[in-house]
Amino acid sequence: MHDKIISLDNATKRFSLPEGGKINALDAIDLEVSRNEFLTLLGPSGCGKTTLLHVISGFVQLDEGQILIDGVDMGETPPHNRPVNTVFQNYALFPHMSVGENVGYALEIAHTPKPERIKRVGEALELVGLGGYADRMPRQLSGGQQQRVALARAIIARPKLLLLDEPLSALDRNLRQSMQIELKNLQAELGISFIFVTHDQEEALTMSNRVAVLNGGVIQQIDTPLNTYNYPANSFVASFVGASNLFEGKASRDGERIHIATEHNEVIEARARKDQHINGGKVTAMLRPEQFSLADGDENRAEIDVTIDQIVFLGSAYELLGKTTGGSEIKAIISAARQSRLAEVERTKTARLSYDPNAVHLIPGTGDVQ
Amino acid sequence: MNWLKRLGGGSLTLYTILFFAFIYAPIAVIVVYSFNSDPVNMMKWSGFTFDWYKQIFGFTNASSEAALYIESTDQLLAAIKNSFIVAAFTTTIATLIGTSTALAIYRYNFFGKRFYRVLMFTPMLMPDIVLGIALLIFFVGIGMPLGIGSIIIGHCTFLISYVFIVVSTRLAGMDRTLENASADLGANEWATFRKVVLPQVMPGVIGGALLAFIISMDDLVITYFISGVGTQTLPLFIFGMLRRGIKPEVNAIAVMMLLFSFTIAAVGLYLRSRKK
Ligand SMILES: Nc1ncnc2c1ncn2[C@@H]1O[C@H](COP(=O)(O)OP(=O)(O)OP(=O)(O)O)[C@@H](O)[C@H]1O
Ligand SMILES: [Mg+2]
């Protein structure tokens, strides 16, 4: 037993493009997944998520670097000998086989005796809520049901690692949320590691032990959902995971206080954190929309004047879209409980917003995405 | 406006009827006149008879008036037998080679793949006469005796293309990630081929084989060049009869060939519908 179910070291994959040139689909990826971990790969379309899964399952060969599964080098191992199973992005159900035959395929290949096969197919279908569907053909199922069949087919052989390529993308919101919970339970129940691909950041935050944010074939950050949201490593992560207000500027330090002066002449106040060494130079300050509130003269909060362009009703809250006097875009979320103040904002089209300097997260360097 | 609509609907119906009449009337005429008892003038109806069918199968008594007009029944049966032998061999060979070529081109990338694909298409586009003459020159050139063997080889040259095209079309519509899925679930290449690729191309293979069989049974022009003197196939036999005047048995033979083709097509359709 190895405590890392998978480790990628400097994994690099380049594709040659038909129009000439090459694209780094994966660029020096280092990644480790522990036993029983739920890791989410999050990133925009085309950032290399599927390629990374295919490297692990063996359909794509690395140009450089190394891949170990359960401590064993997989460089020469063909896909059918790797202890991983995949839920494919397009389901890839076998159209000429019934649901039951699809789900039992791995067992049939492994020459599992028929009675046991039938029993386990039934259990797997039950697990994904499709008991009694064994005799249907895949084309007689809805998109969401097909996805669940693909899931049942991938877990039946109890792989060490399950790769899921956007397995919930075809589901409506309700089914999606219940499947998210089911997947989490399933993972706990089966005790196998999951690598789960999504480009839905909310899904990533709710489900995973850790999130790996990918962009342009490069891992931007691997961290817990909480840290990824609160302490993004760079401005790409800050804007991709959740909404954010970013202020790029020069920092100057005065004891605990840090002031960031932007080129729009705003000054954002922040407090130094012990683990961060910011003394000066370029930084990007991040404030989440929900960290703003309407100013009420609290000494401990910093304030900023904003002209409001638009107020959007979200249900439990209002979203204010506007600009600072210097011209930076601002997005703030204000609780709907503050009706009277909001009415005033609506009338005057201006607002004084406040924020807690302790909550300002500072990202060293400029806003350039790596 | 109602009358206009009715007129439109009416003329569409009329058009449809005329269209089918145009296609099927000649065939209907043949079927009807295959039961006509007049042995001399085929187009004059003089009574119902099974004589022509009987004669084909050699059941008729030699004294009948019609016997004057029949060809040798033995010759006819020999021609039918030859046609079946040729079609059976050709279909088997063309299906095997055509299918495996299509699979190889689908599966592997190699130098000159596109050129190879074009080469596979050409025999189908070649005029029959040209192909027939070319084959004749070839067989004579290499000193191969003309007969069943040369006909089989000749038919294979272009029927491989037909099978290749039908199977390739089927493969082109196939989802490649299915092979990945199969490998992902532990199947090696051979198991993946047997359980995933083959079942999916099977309708194409069967379709290609049926097409090859019917075309081989039916071919006249190419076979004419490469059959030699001693060997006759059914189309050659009929063609020979026609040259000595149109005889009523031709109708009966045509009707039976028609029935045969329908049967094959029906079997094909049945197999296809069962696959789904
Ligand atoms: N076989 C290939 N040949 C050339 N380029 C490829 C190939 N496969 C993927 N790419 C490119 O590599 C990059 C990463 O692709 P990948 O499929 O991994 O994206 P993804 O993150 O899964 O996107 P999505 O969220 O849309 O599924 C893309 O720019 C894509 O165009
Ligand atoms: Mg993808």
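Quick reminder: no glycine exception, Cβ is built from N, Cα and C everywhere.
Whatever TrEMBL says is automated annotation, not expert-curated.
Here TrEMBL flags B:12-35, B:84-106, B:118-140, B:146-167, B:196-215, B:221-240, B:252-271 as transmembrane segment. Among the features that TrEMBL reports, domain 'ABC transmembrane type-1' is placed at B:80-268.
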Stretch among B:84-106, B:118-140, B:196-215 sharing the most Cβ pairs under 8 Å with the transmembrane segment (B:221-240): B:118-140
For the transmembrane segment (B:252-271), distant same-chain residues with Cβ under 8 A (at least six beyond the ends): 27, 30-31, 34, 52-53, 55-56, 76, 203, 206-207, 210, 213-214, 217, 234, 238
Same-chain residues at least 6 beyond the ends of the transmembrane segment (B:84-106) whose Cβ lies under 8 Å from its Cβ atoms: 113, 116-117, 120, 148, 151-152, 155-156, 159-164, 166-168, 171-172, 197, 201, 205, 208-209, 212-213, 216-217, 223, 233
For the transmembrane segment (B:196-215), sequence-distant contacts whose Cβ falls under 8 Å of one of its Cβ atoms, 6 or more beyond its ends: 87-88, 90-91, 94-95, 98-99, 102-103, 155, 159, 162-167, 169-171, 174, 178-179, 182, 187, 261, 264-265, 267-268, 271-272, 275
